[in-house]
Amino acid sequence: MKNVSILGSTGSIGTQTLDVIRRNADINVVALAAGTRVSDLAEQVREFKPQLVCIGKEELVPELKTLIGDMDVKIVSGDEGLIEAATIESAEIVVTAVVGMMGITPTVEAIKAHKDIALANKETLVCAGHIIMSLAKECNVNIYPVDSEHSAIFQCLNGERRGEIEKILLTASGGPFRGKKRADLENVQLEDALKHPNWAMGRKITIDSSTMVNKGLEVMEAQWLFGVPAEKVQVIVQPQSIIHSMVEFKDGAVMAQLGSPDMRLPIQYALYYPERRKLNTERLDFYELAKITFEKPDMETFKGLKLAYEAAARGGNIPTALNAANEVAVARFLDRKIKYLDIPDIIEYAMNEVDYINNPTVEQILSTQKIVTDMIESRW
């Protein structure tokens, strides 16, 4: 029996993780943490019976208590509660599926508590990769990627030497606006940007996919996970989302991982690695598929990807500035307060305006986030 704590249990990755667990009797959920979806969290507590449950805001605790007051479960809240869920003694592995930079501190604390990490929170490595990876090595903790692309790379590298990687080929669907030019995106509406062609995801990551900022974050994530510089991570548009990523080695051989676009596969792989379990998901029919196509990404139209490579090259707290600016800009767009093309412009502004810090601490990373957030909110 494996004991699991899930941070972000009511979100897209969290609910799919619970779906995987529901189909496997040998995983026990010991902690659940969510933001504001009280009723969803209460239903999960009733089904999975964890020892501890965390709700994001303290003022929501009374509502949660009315729904699960008869249950034998400890209720905590806020940032401290999230850390308690991440470090609960009985957990062997922590699924970090919270959205945004709030995932950094609980991930750090979970590693210090010697918990393996199933990582679905990009911002943790984008902003604090230099801290996370060295700490994981020091604490002898495994980090298993949950992103479909990074899981694919991880699978391609099984039995291979990291030093023999020539480059990583990170695939992208191209999103709903593939093939469009910047002028075509002037009047994009929220509903258009939320229509991803292949994947069912949360609202924020769906917008990030449409701007290709998500792929830029994945480039930075890959450099830390696999120990390669960002310039050796090449983005390739693969519209069918069948090849989830590839690795090219020194001898010219290329390894690829293929599969139907179903997030339960990388989630299950992270939970059970190195074992593979039966998963009732759609199988690839290569006769039906007939062909797989590739395209070069348009970095002028999708400036967010270009800015991510720039942030990776500059390093320090610049990836944090990019990420923080993107979080604010996407939230503004979701609230219909800015235009779609304002998103990359806001990111570029923040990257140029923030004071550079080399090798930032967690405190400096969070300070950069606040500075950038305040800077953008005062202007937009």
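Backbone N, Cα and C define each Cβ position, glycine as well.
Worth saying up front: this structure is predicted, and the values here are computed from it rather than measured.
Copied from Swiss-Prot, the annotated features are:
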BINDING   THR10, GLY11, SER12, ILE13, GLY35, ASN121, GLU123, GLY202  NADPH binding site
BINDING   LYS122, SER148, GLU149, SER173, HIS196, SER209, ASN214, LYS215, GLU218  1-deoxy-D-xylulose 5-phosphate binding site
BINDING   ASP147, GLU149, GLU218  Mn(2+) binding site
Number of Cβ atoms other than its own within 10 Å, given for ASN214 (1-deoxy-D-xylulose 5-phosphate binding site): 25
Distance [Cα-Cα, Å, rounded] between ASN214 (1-deoxy-D-xylulose 5-phosphate binding site) and GLU123 (NADPH binding site): 10
Cβ neighbour count within 10 Å of ASP147 (Mn(2+) binding site): 27
Listed binding-site residues among GLY11, ASN121, LYS122, GLU123, GLU218 whose Cα sits within 10 Å of ASP147 (Mn(2+) binding site): ASN121, LYS122, GLU218
Candidate binding-site residues GLU149, HIS196, GLU218, pick with smallest Cα gap to ASN121 (NADPH binding site): GLU218
DSSP three-state assignment (helix, strand or coil) for THR10 (NADPH binding site): coil
Nearest of the binding-site residues (GLU149, HIS196, GLU218) to GLU123 (NADPH binding site), judged by Cα-Cα distance: GLU218
Lowest local Cβ density (other Cβ within 10 Å) among binding-site residues: THR10, SER12, ASN121: SER12
Where the record names THR10, GLY11, SER12, ILE13, GLY35, ASN121, GLU123, GLY202 as binding NADPH, the maximum Cα to Cα distance in Å: 19
